[in-house]
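Have a look at this one before I ask anything.
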């Protein structure tokens, strides 16, 4: 059976996701894309997808799943309406859930609508191990985001270090996952996913690093607890039109979508 999805947003993330899903034939069909009024459709538009400007019009296409690909503001604006209408919502802007008020609003809407907020593993992975370790008992979770200096341009990192003058890898932020996700909404979605899977937003320690020589986005996770300990790292290539985002981010969304329709799926 073909799975019907609808997208919120069609920027670099949405386009990459659409390309990946198109490679799987009839397994998934994108029936609608929600964009702000006046936004051009852009290239790579999913075949047969209707362009809409309201959540009501999006849901009128009767998707099996709605996928947010448009950032924190879009999740703030549209998330509760999607969930309240009984539609599961797969989110790319996981960092928005660091806003406690938004998290509670989405949780309440999901419960009222009988729906779920689905959090992908994103560019890091290893969240299956981390969430299992939480049940066994976690005592420490540390996450490092190591990205090219150019990936931090247009963010508060520009006020914390001279990005263009760096000659060596530089840690410009150390703190909680909550603060990292809220201060760096374009770069720290992984920190939020780690917090949700593991020790929570306050107990998860985060370091953000800018590296003038880095060629990809490197994510490093360390966890300890009653279960033992583990270390995981991945260096991902970035999207050609968005150096802040790893190619694995849309791939993780695609995996989550395809799993929903698979006869045998990794849990």
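Cβ coordinates come from backbone N, Cα and C, glycine included.
According to TrEMBL, the record shows the following:
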ACT_SITE  219  active site
BINDING   123, 189  NAD(+) binding site
DOMAIN    9-120  domain 'Aspartate/homoserine dehydrogenase NAD-binding'
DOMAIN    167-253  domain 'Aspartate dehydrogenase'
Can you give me the average pLDDT across the domain 'Aspartate/homoserine dehydrogenase NAD-binding' (9-120), rounded to a whole number?
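For the domain 'Aspartate/homoserine dehydrogenase NAD-binding' (9-120), the model's average pLDDT rounds to 95.
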Write out the long-range same-chain contacts of residue 189 (NAD(+) binding site), meaning residues 6 or more apart in sequence whose Cβ is under 8 Å from its Cβ.
92, 93, 94, 95, 122, 123, 181, 249
